[in-house]
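S.K.: Shown below is the structure under consideration.
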Amino acid sequence: MAALGNLTGRRWFSALALGVTLLKCLLIPTYHSTDFEVHRNWLAITHSLPISQWYYEETSEWTLDYPPFFAWFEYVLSHVAKYFDQEMLNTHNLNYSSSRTLLFQRFSVIFTDALFVYAVHECCKWIDGKKASKELTEKPKFILSVLLLWNFGLLIVDHIHFQYNGFLFGLMLLSIARLFQKRHLEGAFLFAVLLHFKHIYLYVAPAYGVYLLRSYCFTANKPDGSIRRNSFSFVRFISLGLIVCLVSALSLGPFLALNQLPQVFSRLFPFKRGLCHAYWAPNFWALYNALDKVLSIIGLQLKLLDPKKIPKASMTSGLVQQFQHAVLPSVTPLATLICTLIAILPSIFCLWFKPQGPRGFLRCLILCALSSFMFGWHVHEKAILLAVLPMSLLSVGKAGDASIFLILTTTGHYSLFPLLFTAPELPIKILLMLLFTIYSISSLKTLFRKEKPLFNWMETSYLLGLGPLEVCCEFIFPFTSWKLKYPFIPLLLTSVYCAVGITYAWFKLYISVLTDPLVLKTKKQ
């Protein structure tokens with residue numbers, strides 16, 4: 001970092017981007033998950049089969065379950081992939097992984113990350129220089145660039161575990177940047193495109209919808225901050241509607257013409273999967289499941305429960321089918337939807353009635369992402385990045401937001417450790433997370449050194465507790481007799497411990513949003 005201090009202008013940003021790209025190249029030989037085969041199979045499906053069979057093909061268990069734009073993305077990649085290894089494009093070559101296939105898929109992720117790099121650069125333009133130091137490494141723009149470009153979670157999920165989240169988050173960050181620049185139609189277009197690449201971004205759609213309606217369709221505010229009803233612009237509203245409709249038509253139109261929309265949606269929303277993934281995402285339902293297990297054990301010990309009536313399906317068995325809780329009421333998809341809507345409503349209310357400008361929108365977006373993560377159905381642990389990356393933008397603005405960011409990021413990143421369960425990756429994930437966490441804490445402490453400490457004693461103790469937890473799960477438990485009888489314990493402990501920290505960060509951010517004073521500023525556009 002000291003060498004970077006001598007760079008000026010755009011050179012330091014280019015150096016950061018180049019440095020992380022070289023690191024990604026070094027990670028090419030590392031372990032990759034079944035997602036590697038998932039995307040190879042999608043390359044084969046889109047290349048070898050007509051569009052009418054894309055969402056019906058099931059030779060492999062890894063069927064196509066992303067929206068059409070991502071399918072077309074795979075189709076484009078497949079026409080480059082054929083020059084590397086034609087065999088990877090055969091739908092019957094299950095679990096095919098030649099050295100050329102590995103190189104192509106790894107480099108395709110690295111190459112498409114260029115959009116993420118550009119989006120980070122655009123977001124940095126929005127950061128003001130009020131806290132700017134003479135030292136480059138202490139400037140908010142520099143810190144934000146490192147927090148985003150070198151994000152630990154994104155590195156291990158995309159470049160070890162294997163996925164294409166980089167360019168997708170690039171689309172999201174770029175749409176946020178355009179909204180900050182008051183280029184609302186561009187921002188709306190980019191987000192609409194993003195939704196048709198990966199539907200998990202529906203989590204934050206309420207924030208986009210309300211903000212665009214509030215700040216773009218209504219063109220003026222009263223002195224008390226409320227909207228002027230007569231300032232509503234039908235032209236702007238119709239413009240937004242046309243963008244959404246045109247993007248949706250381009251994406252879904254071919255499948256509508258083929259009368260395949262029900263099949264597409266059945267792939268996108270597979271509610272037959274269970275409440276939780278094989279490894280519990282660290283959210284409210286992890287705590288709920290853990291409580292159910294504790295109560296069932298107590299009930300059996302006290303002979304209050306009949307062992308024959310305890311459901312055989314185990315939440316920690318690695319299965320993801322629907323199951324019944326032993327003591328607490330079982331949860332349905334409808335129940336999770338209702339809980340999620342209730343959780344996001346206060347943030348939507350604040351965005352409408354307590355406008356805070358772009359920063360208020362960003363906070364609402366993060367709360368929508370976190371609330372959906374906390375209460376959604378069959379949430380994957382990787383979805384925490386949907387809150388972590390946007391929170392990075394807030395972290396360099398206020399000390400309170402920096403504190404929430406550090407708790408959320410450190411806990412959320414540690415919750416991703418079970419994704420990399422092979423021995424060679426153990427030192428890599430520990431070292432990378434330590435480096436990112438130490439930098440995040442030290443840089444933000446330096447940025448806000450004139451303000452109160454970022455953590456209280458309770459928060460500090462909790463974060464330090466991640467160390468002993470890792471030692472127990474990785475270095476002690478494997479040598480105990482419990483490993484064979486209770487192999488799920490490390491996952492359960494990690495999930496529940498991280499769920500406490502993420503819940504705390506969610507609650508703390510909500511308190512901050514609800515108690516922030518109203519920004520009174522008459523809007524005239």
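Cβ coordinates come from backbone N, Cα and C, glycine included.
Feature list, courtesy of TrEMBL:
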TRANSMEM  12-32  transmembrane segment
TRANSMEM  103-121  transmembrane segment
TRANSMEM  142-162  transmembrane segment
TRANSMEM  188-213  transmembrane segment
TRANSMEM  234-258  transmembrane segment
TRANSMEM  326-354  transmembrane segment
TRANSMEM  360-377  transmembrane segment
TRANSMEM  428-448  transmembrane segment
TRANSMEM  488-507  transmembrane segment
S.K.: Flag the pair the transmembrane segment (360-377) / the transmembrane segment (12-32) as in contact if three or more Cβ pairs fall under 8 Å (sequence separation 6 or more).
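M.R.: They do not touch: fewer than three Cβ pairs between the two stretches lie under 8 Å.
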S.K.: Is the transmembrane segment (428-448) packed against any residues at least 6 beyond its ends, judged by a Cβ distance under 8 Å, and which are they?
M.R.: 27, 30, 131, 137-138, 140, 143, 146-147, 150-152, 155-156, 160, 395-396, 399, 402, 405-406, 409-410, 413-414, 417, 420, 454, 470
S.K.: So, do the transmembrane segment (326-354) and the transmembrane segment (488-507) meet, by the test of 3 or more Cβ pairs under 8 Å (sequence gap 6 or more)?
M.R.: no
S.K.: For the transmembrane segment (142-162), which partner among 103-121, 188-213, 488-507 gives the most CB pairs under 8 Å?
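M.R.: Between the stretches 103-121, 188-213, 488-507, 103-121 has the largest tally.
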